[in-house]
């Protein structure tokens, strides 16, 4: 049964029972009894007697009643409706102790008997039965009166008191009548009984007790005395505490209440219930004097909280208000009496649309009373009365094969890949046959030749399916493997139902559509262009349907076809609605069929999976993929690809003109305008050919739950981009299979924690970790403590089941965990169609492809990103789309490319079947000009929230600190997001406005202080499944370190790195829905472990920079922005110099000048002696500038695998920590000119002091390996080249030991990383090419001078980099290797090959010592392109090992460095550091 308004407790739940006795004379009840029918009141308790002499009431068991409580029963005997005297007589009749049943007076039951009798309830409900009991008791002492004349056999004063109208009105005005009303023009009433009975009346006690024992068989004859009377004072009950109203007929027009013991007119009608103002007439309800047959097998009768009866069909797991036993006794509509409705019909009193009628059996609505309609047709000689009349085959339905009428046909069919080749219809109710609708051409059934349309399916492989549901039979066919045979028994002789204009049809296919649940295959698929004025449209059953004219649709002359489908009943004009669906164990819970405007929802089979979907909705998009041009089977395949539990948004068209096979029935008999199809292909909708009021009058809102949900959203404070989901779970032995988190404070929400493997929640598939728990069995949990929530779950466990309402965040465009298709996210960049479009979208004509020619400059890329679907798309769908267009790029300037456009060819070569890597390579090979063949995507306007569109969200598209938009388009980052036309490490993915943020601490990622709303901007979720060794990532930070939580490392081949969306340096904002702000490191681990095999992380993209413990001040974001504090806006020249590796950057032979120069303009003043041609593809560049890291760190390589990306990220991570220590390397890395703009440059003033520059700090010294090589070789680009091998041991130590903030642990890890780094560094030097460079080795004297001029820097604050002091003993041999790590590598590769082996051996030893000393400045001459290739090979080796390889080191005595804030170096120290480079000019 669908969810209705949340109900409060019925008065029945407040009934109290107790056993009382009294100390006194027998029969002297110890409590005062007040009220009574003679006063028009229920009997109720007065004060309890406490006289010591006798009559004192004593409660034996139960809770003592309170004075004023209404007395309902005494020892099980109802006393409501009895006089006070008779009530006391019943009490005295029993021995003490006696059992009393009482209830506190409320809004429904109070002392006023007249009030309760004036209310109208559903027949069979608790209240309706109580009303009948009251009347039974009343008629013991009173006789109803009427103004009509006596009928034959009626005795005045026995059956009725026959009085005049004047006498009746006098009684009514005097208040002597408990009930009054009219029926058939006559007045009826029930007078109050006299307080004292006449001497001729028998004692009522015997009658009360006797009738109570034989209640089911011996109904007293006046129980329905006023059952047909139209009450003058009828009203709806007001439940206690504003309960939902359980009574119905709020209009008060219940033709209900006459009474006569022998008149059948009195025994048939009952007003029925509705949650609104409606009446469902159960006029065929079995009366109490009739013996009811048992319910059908697996049916159950139950009561709602308000006492209303409903029926549960366990066969189909559905509920209904209709008694299945009454179906066989249902009358034809024309045989019903006035005021009576046929079985299954309901009367709706709607304040907006007036009165209309609902046929629940056929899901139809109409304004005309079906009984009046049927009688009118009968008078006109029309035999056919539409769906209200039972179909012929329904009247002959049987579950017994022996009672079938017709010829039995047996067939054996072999299942092909396309199924069995026939469609089925029927099975919507247990009393309906399943019949063959069509036999598909060339299918197994057609080849067998034995099956024909109309055949009733009797038996499948020996299992009788008569009475089975549609879904059950489809599932049986699905379970048959391909190439296996199935034996069918069919019965020929039953025609197909006449009312099959739009039936539920299922193709019995090999992979039948969504769930085994009635996915339909229509016979005709018409394009709207085919509809021409005057053309005749044939319905599926071959009958002539509607003639299309220039003005619109003319309905058929047959009035029986004039119905309003419930699908269009809720809207007055066409609207596009996005509905989130969840795929259940058996599918999405609905069936589809072809229609002229697309695939239409044929039937709702299981509404819990497709809440909000309605019959008749036209499907436009599935998961943001346009399916209007797809065939029925293609749409089926699209739906089938989603796994169980997947969230699938569906864009549907609802409302507006009905489909061409139906028209709306209006209250008038005027011609019905169902709309024009002239504007179908117009981009702008034409005016509606009918006023909205006509549609409203013909389309009443039928679904009370839908009205409730719509109204609920008006008042409910529901966060945007969330959806609420109801999950019903049955308890297993191990429980419900999930854990609960949160509830630690009054403002803390409750979340779903771990989903237990193989538990009930996991098997159900809908519940997820991090879902916010809203309600448990209808009880809100917001604000409740953790213990209270557990108590609620304990209560639910006792019941064996629980209904959970959870709220889930919707991340538009984000990858759903269950779906590994990135295709689903492609069109989300443009969003989904807006909701206010009023046209009737039709299948658009295929878009014509067009060519777009892009030209780029040498220093830029083409400026677009291609996304490729991982899963094989449906036929005809191009899997490659434009995922992003970079602002200001060639793609943006041309104006012809839009996000979502499909790319079918590159330079005339089709790419439809090519992989993503091949496409990227193809575009890169095109040089500076590329021609794209584009098929424009249909216009999209974003989801309702408007936050889903990349074009609508420039803030997300261009984020500061080089954060890539790729975070919002998750998928295979390495495969999907490489920049087209640029090399791996130089992809130009950001506009100039991105880089200007680098000098603004406010926009840095490090700024995490603020509201949670601000914190979550730009974040994206990642759900990981635990691998054999965990989730594959490690954390840094926590409250105890006074910093946030960051991704520290990614394990090789772990789930995190395979996912491709997590990167080193990303900040963790939430773990399984719980915010991480202010939580400890230990708590973060606990949250991850609590998620079981899955964890849901909300990440904010980082820059690859991981702050050190102590550098991070969560209360002061600027304090963590040490890197940026001294920066000035980056000049464009330096920007391009550091960003674009493919450009030729002029550099000084002494490359320190490039890194230490104050302004980028100074580069122009220095004449370059040598230039270095930079290789574009250098993923091994580990020590490239921080600017490049910040800007393009998030851009994964387009042609390299994860290893390159991981290695790069790890290096950046290390450089980040170096940057925290602020060495000259760091400013160079980050825009060296920028940072050093505020630092006195010793380069020009005191070149002799240059060696001091290298001794600023251990970290700086390590960085200097890159720094110095930059000067000596090709400037910053040279440094970038050498990054692959120049990751310092210091940096590696930080990466390896980042979890431990202690210095001792840092030292241990440092030593280990040093040994590893030294070993790998020596190997990296053995470049097979053997080519050498000149001017690699400087004089030993110069090297010694460098060593001696080194000074220790007290400026560094890194705690873990405390080094040992070593004697500074330098030989010529070692001096030649006192250059930085990169220099050492270069020396080996370009230096003296004769001594290479010796050098390598020494390098291993020196690299171990190097961390304890400051590296010497290295001088490297210009490198050739061949040597760059060698470096690339060496870097590849580094990537394989994931280690950073120091090249050389020299033992230099160093002092301990104490942590502290970074200070700008004084002039003398800096100049001393820089002097050597000047000297070498």
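A Cβ is built for glycine as well, from the same backbone N, Cα and C atoms used for every other residue.
The structure displayed is predicted, hence computed values, not measured ones.
Positions annotated as domain 'PDZ 1' by Swiss-Prot: 18-106. The compositional bias 'Pro residues' feature in Swiss-Prot is assigned to 191-202. Taken from Swiss-Prot, the feature phosphoserine applies to 234, 595, 699, 832, 915. Sequence annotations record features per position, and here Swiss-Prot assigns compositional bias 'Acidic residues' to 236-245. Per Swiss-Prot, domain 'WW 1' is recorded for 293-326. Swiss-Prot lists 410-492 with the feature domain 'PDZ 2'. Annotation source Swiss-Prot lists region 'Interaction with ADGRB1' at 726-808, citing experimental evidence. The feature region 'Interaction with LPAR2 and GRIN2B' is assigned by Swiss-Prot to 851-938, with experimental evidence given as support. Among the features that Swiss-Prot reports, domain 'PDZ 6' is placed at 1021-1103, with the record citing sequence analysis.
Across the region 'Interaction with ADGRB1' (726-808), mean pLDDT in this model comes to 86. Mapped onto DSSP classes, the domain 'WW 1' (293-326) shows 3 helix, 13 strand, 18 coil. Mapped onto three states, the DSSP output places residue 595 (phosphoserine) in strand. Between the CA atoms of residue 915 (phosphoserine) and residue 595 (phosphoserine) there is a gap of 36 Å, rounded to the nearest whole number. For the domain 'PDZ 6' (1021-1103), the DSSP counts in helix, strand and coil order read 18 helix, 35 strand, 30 coil.
Within the domain 'PDZ 2' (410-492), the DSSP-based counts of helix, strand and coil residues read 14 helix, 33 strand, 36 coil.
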